[in-house]
Every structure is written in structure tokens, then in C-alpha cells.
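Reviewing the structure listed below.
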Amino acid sequence: MINPVRCAVFLLIALSAISLSARGESTPREPGQQHPRSDRRVFQSVPIYDKQEEESEYWRTVAQRSLQHQAAHPKSERKAKNVVYFIGDGMGLSTVAAARMYLGNENMYLSFEKFPYFGLAKTYCVNRQVADSACTATAYLSGVKINYGMLNVAASVKRSSCEYDRNATEFKGLLEWAQQAGKATGIVTTTRITHATPGGTYASSADRNWEDDTEVNNDCPTTRQEDKPVDIATQLVYGAVGKNLKVALGCGRRHFIPADVKDEDGKAGKRSDGVNLIEAWKEVHADMGEARYVSDKKSLLEAAKSKQLDYLLGLFDSSHCLYNLEIDDQKLGEVKPKLTDMVDAALSMLEDSKQGYVLFVEGGLIDTAHHSNRPRLSLEETKEFHKAIELARTRTSEEDTLIVVSSDHSHTLMYNGYPTRGNDILGIGDISDKDGLPYTTLSYANGEGFYQTYADGNPSKRLDVAGYDFSDYRQRYLATVPLSSETHGGEDVGVYASGPGAHLFGGSTEQNVIPLLIAYAANIGDEFGWVTSTVPDDDNAASLQSMSQLLPMCLAVVCAFARQLYRVVLE
């Protein structure tokens with residue numbers, strides 16, 4: 001319902017804007033004069049900040065403290081026994097900046113922003129400037145850039161190809177390297193566990209949408225059954241990497257059960273082959289050790305704390321998991337686990353592994369909320385992501401556990417308007433000096449929010465958003481171009497690192513370099529030639545590791561010298 005008092009206030013502000021325009025205040029300025037003076041802001045509000053920020057000495061002290069903190073971080077050459085790799089799906093730098101204010105203040109830090117090393121990664125894929133979550137997952141998990149919409153299949157293959165030389169085009173990735181090195185592995189996601197990002201850890205697919213056999217059959221109706229691609233859910237159960245995951249937590253039950261079967265929430269499956277892959281997972285792992293499937297928070301926590309399990313599969317919803325705010329709103333906190341709950345459980349499952357572990361974690365709903373132009377949902381998911389990382393850093397040791405945090409791609413979220421300090425990040429930023437109407441600090445370049453931005457879809461008639469309830473997490477925000485789903489953004493994303501080998505992650509790099517940096521830091525991936533037979537546990541071991549890597553180089557130099565000497569003697 002529109003608040004008449006607020007409308008009256010905005011009407012007065014709008015009239016002021018029109019008056020300014022009439023006096024010529026909004027006429028185009030000369031080049032170099034395009035930034036309006038702060039006293040020309042129409043939407044006046046009192047800045048909120050700590051008074052000591054007005055003192056120059058305060059900022060000098062802060063800067064010196066930061067310098068001392070950075071200088072105190074040594075470059076550890078130790079090898080990481082454990083790795084926790086976090087991907088905030090769609091968490092671009094504008095989302096990170098807005099999330100600070102969502103936490104309470106512009107000068108706050110998300111947990112991973114306190115990590116000592118930071119870099120940037122380029123996110124494009126082979127055939128697209130702006131990437132999706134599949135080609136990027138392949139890059140940051142397997143070290144190869146490929147085509148849009150595909151998982152772990154070389155760019156020489158076209159998307160949705162039903163038949164191709166799989167041995168020549170599919171390749172290994174981070175979790176397979178870890179398993180071959182004897183490490184325990186796990187994945188956690190708030191999306192469907194067969195979705196593009198988590199799917200990149202264990203599956204190869206010429207189309208990211210082949211999450212179950214029904215989708216494969218639709219796209220490959222004339223392909224012989226024995227030649228058809230294996231759907232992603234089946235690869236989780238029977239695949240070489242998937243079946244060896246010690247823990248796999250997320251959502252997406254519908255891709256694991258037949259269409260005539262309902263899950264724990266009464267929702268039907270999508271499989272057309274009649275196979276119940278949840279039951280199949282139990283059978284496969286019954287011969288491998290103690291295994292359990294869970295579908296709610298209570299069972300998850302009990303299973304993880306028991307310390308009696310060898311394998312744990314948790315699926316908590318039919319499609320994507322519920323948003324945090326939905327869980328709170330529907331009072332399902334005792335039933336549906338949040339990201340922190342799943343990370344906590346996964347660490348309990350993995351932390352006793354003698355050879356260490358590699359855990360991959362996706363905060364996937366940051367992305368889905370942006371796609372619907374709902375920043376409140378996205379920022380709340382970013383907050384939960386930040387808490388999960390803080391939990392992981394607290395529960396592990398910086399001496400033996402490398403934590404890497406990054407994103408697959410950005411979104412078109414814009415943080416704009418010269419709002420005053422302390423202004424609600426999800427509220428009105430200012431009033432336009434052109435049409436006299438308010439606009440929000442956060443908005444999007446495209447998406448469904450277009451229809452709540454312009455009257456009758458007419459870009460020349462902007463709607464008055466003053467009466468919108470921006471405290472409602474369902475509220476869509478302003479968008480410039482109409483689309484059924486907001487797109488990704490193409491700019492670089494951040495890479496944050498803490499622990500052994502963290503210094504490797506600084507600077508600007510291609511996204512596909514990240515998994516090799518992790519593999520090097522964790523001493524896995526024997527195909528790269530840097531692995532020793534044991535896991536180093538002290539600085540001396542790390543030194544021996546360095547010497548072992550130098551030995552082949554020294555031998556090569558000696559051989560080259562001997563060959564040259566032999567030539568001289570012959571002459």
C-alpha cells in the first residue's frame with residue numbers, strides 16, 4: 001500500500017527537482033564538469049559514520065595498521081594438507097561491495113576480504129565474452145577454458161553434441177587429482193547438486209542441462225541407447241569421481257527419482273528411465289563402506305557428528321535449495337539446512353582424513369536471486385556465504401589448510417547514485433534531476449525489473465518507486481532492458497586466499513589457472529610432475545619438496561653439459 005506521507009515528501013522533492021531544472025541547473029556541463037556538486041543532491045539525508053573518521057590521523061593510523069598487517073604475512077612454501085575451495089556463484093565485486101553495507105557499514109569486511117592475498121580472474125569462455133556457470137566451472141576446476149553451456153568437454157565439440165570422441169575431449173579436474181593422491185573429497189552447494197557449478201566437480205557433459213535422462217533423450221532422440229551421453233545425476237552415482245565423494249550435500253532430488261515417485265516433500269521426480277538413483281547410490285556405497293542418505297537438517301547433523309560414516313549424501317529439496325530468507329519466513333530452520341550447516345557437516349565428515357581433503361563449496365543462490373532482480377535475497381545469500389567461510393577458517397588451521405574464495409562470473413548489478421554514508425543499501429539513492437522521480441542505489445542493466453521500472457514498458461515513462469516496499473525480499477529492482485532473466489556480467493572476479501600457498505593467488509590471471517595453483521599448493525596432480533610420495537608436515541619437508549623439484553632440472557643441465565663436452569672432444 002502506498003504511504004501518503006512518503007508520497008507527499010517525494011512530491012515536494014520532485015517539485016524542487018523540477019524547479020532546479022527550470023532554472024537551468026540540469027543543463028549539460030562542459031567536459032570535466034560532469035560530476036554534480038554534493039549540495040545539488042535532491043534527496044537530502046544525514047550521513048551516518050563514526051566521528052573520528054573526520055580526523056586525518058584516523059585514516060593514517062588505519063593505513064599504517066593495514067600495512068603492518070600485510071607485511072607480517074610470510075610467504076609459506078609449505079604444502080597444504082587440506083583445501084577448502086569456495087565459489088560464490090554470481091558474486092561480482094559490486095555484490096561484495098553492497099554486501100558490506102548489508103552487514104552494517106561501508107567500512108566493514110566480509111570474512112574472506114580479510115585474507116592476506118587477493119587477485120583477479122578473467123571469466124570469459126572460448127566462444128562467449130560473458131560466460132555461464134558451466135564453462136567457468138570447467139575453467140576453475142579442470143584448468144581448461146571451453147564453450148558456453150558445457151561441462152568438462154573440449155571447445156572442439158559443439159554444445160549438445162550427442163556423439164563425439166569422449167576419450168579425446170573429456171579431461172580430469174581438481175577433485176579427481178585429489179582422489180588419486182589419496183585425499184578425501186566432498187562438495188556442498190545450495191543449488192541442485194547436478195547444476196552447472198557442482199556438476200563441474202565430477203561430471204562431463206556436452207550440455208549443462210542434461211541433469212537427468214529425460215533431458216538427454218529430448219536432445220538425442222535418434223542416438224542409439226548405448227551411445228547416448230550419461231546424464232549428470234547418473235555420473236554422481238556411478239562416475240569415477242562422483243561415487244568416490246565422501247560427502248555430497250545440496251538439493252535437486254527431482255533428477256534422482258522417477259517421474260512417478262514423490263520425494264520427501266511430496267514433489268515428483270523427472271527421470272524417465274524408472275531408476276531411483278538415491279536407492280542406487282545406497283547400493284553402490286553399501287559395498288564401499290558405511291553410507292547414509294539424509295534429507296533434512298536434523299538427520300544431516302546427526303549423521304555428520306556420528307563420525308561412523310564413510311559416505312554421506314544429502315539432498316534437501318526437489319530443485320534448488322530454499323533461500324535463507326524463505327527458510328526464515330516459512331519457519332523451516334529446523335528442517336532445511338543453510339550453507340553454514342552443510343559446510344559444518346562436511347568438515348566433520350572430512351577433517352579426520354589422514355591424507356587430508358579437498359572440499360568444494362558453492363554459494364549458488366547469490367546468482368539465482370540476481371537473475372530475478374532481487375538484490376535483498378542475493379545480499380542475504382552473500383552474508384551466509386561470508387559466514388560459511390568464516391566458519392571454515394575458524395575450524396581449520398592456517399598452517400595446513402588452504403582456503404580459496406572466488407566467483408564464476410559477475411552480474412549486471414549497479415551500485416550508483418552518490419548516496420550518503422549510512423544510507424540503506426536497498427533503499428532510495430536519490431531523485432533524478434530530469435524526471436523528478438526517485439531511483440534506488442542498486443539497480444540492474446537488464447531483467448524482469450524493467451516492468452516495474454517503466455509504465456506500460458515505455459522507457460520514456462518511468463514509474464514512481466517511492467511507494468515500493470523494499471523491505472520485501474520478493475521486490476524486484478529497477479532494470480534498464482527487458483529480459484525474462486537478468487544476465488551475467490563479463491568483468492573480472494576476485495580471488496581471495498589464505499593458508500599454505502596463498503601467495504600464489506595474487507595478481508590478474510586467467511580463470512583456468514586457479515585449479516593448477518591449488519593443485520601445486522596441495523601437492524596433487526601427479527601428471528604435472530611436482531608430486532612427492534608423502535604429504536609434507538613441516539618446513540623441512542617443504543624444503544625437501546623444493547629440492548625434489550629442482551633435481552630433474554639439475555640432471556637436465558648436467559646432461560646438456562655432458563653432450564656439449566662430448567661434441568667438443570669429437571671435434
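Each Cβ is built from the backbone N, Cα and C atoms, and glycine gets one as well.
Just so you know, TrEMBL annotations never went through curation; they're auto-generated.
What TrEMBL records for this protein:
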{"type": "ACT_SITE", "residues": "Ser133", "note": "active site, phosphoserine intermediate"}
{"type": "BINDING", "residues": "Asp89, His195, Thr197, Glu362", "note": "Mg(2+) binding site"}
{"type": "BINDING", "residues": "Asp89, Asp367, His371, Asp408, His409, His488", "note": "Zn(2+) binding site"}
{"type": "REGION", "residues": "24-44", "note": "region 'Disordered'"}
{"type": "SIGNAL", "residues": "1-24", "note": "signal peptide"}
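A 10 Å cutoff on Cβ-Cβ distances gives Thr197 (Mg(2+) binding site) a total of 29 other Cβ atoms nearby, all chains included. Neighbours of His409 (Zn(2+) binding site), defined as other CB atoms within 10 A of its CB across all chains, total 27.
Counting other Cβ atoms within 10 Å of each Cβ, the lowest count among the recorded positions Ser133, Asp367, His371, Asp408, His488 belongs to His371. Same-chain residues that are not part of Asp89, Asp367, His371, Asp408, His409, His488 yet have a Cβ within 8 Å of the Cβ center of the Zn(2+) site turn out to be Gly90, Asp132, Ser133, Ile366, His370, Ser407, Ser410, His411. Proximity note: of the listed recorded positions (Asp89, Ser133, Thr197), none has a CA within 10 Å of the CA of His371 (Zn(2+) binding site). Under 8 Å, Cβ to Cβ, and six or more positions away along its own chain, Glu362 (Mg(2+) binding site) finds Phe86, Ile87, Gly88, Asp89, Ile187, Val188, Thr189, Thr190, Thr191, Thr197, Pro198.
Calculated from their C-alpha atoms, the gap between His195 (Mg(2+) binding site) and Ser133 (active site, phosphoserine intermediate) amounts to 9 Å. Take the CB of Asp89 (Mg(2+) binding site) and look out to 10 A: across all protein chains shown you find 29 other CB atoms. Cα of His409 (Zn(2+) binding site) to Cα of the residue listed as 'active site, phosphoserine intermediate': a distance of 7 Å.
Taking CA atoms as the reference points, Asp367 (Zn(2+) binding site) and the residue listed as 'active site, phosphoserine intermediate' are 10 Å apart. In this structure the alpha carbons, written CA, of Asp408 (Zn(2+) binding site) and Ser133 (active site, phosphoserine intermediate) are 6 Å apart. Cα to Cα, His488 (Zn(2+) binding site) and the residue listed as 'active site, phosphoserine intermediate' are separated by 9 Å.
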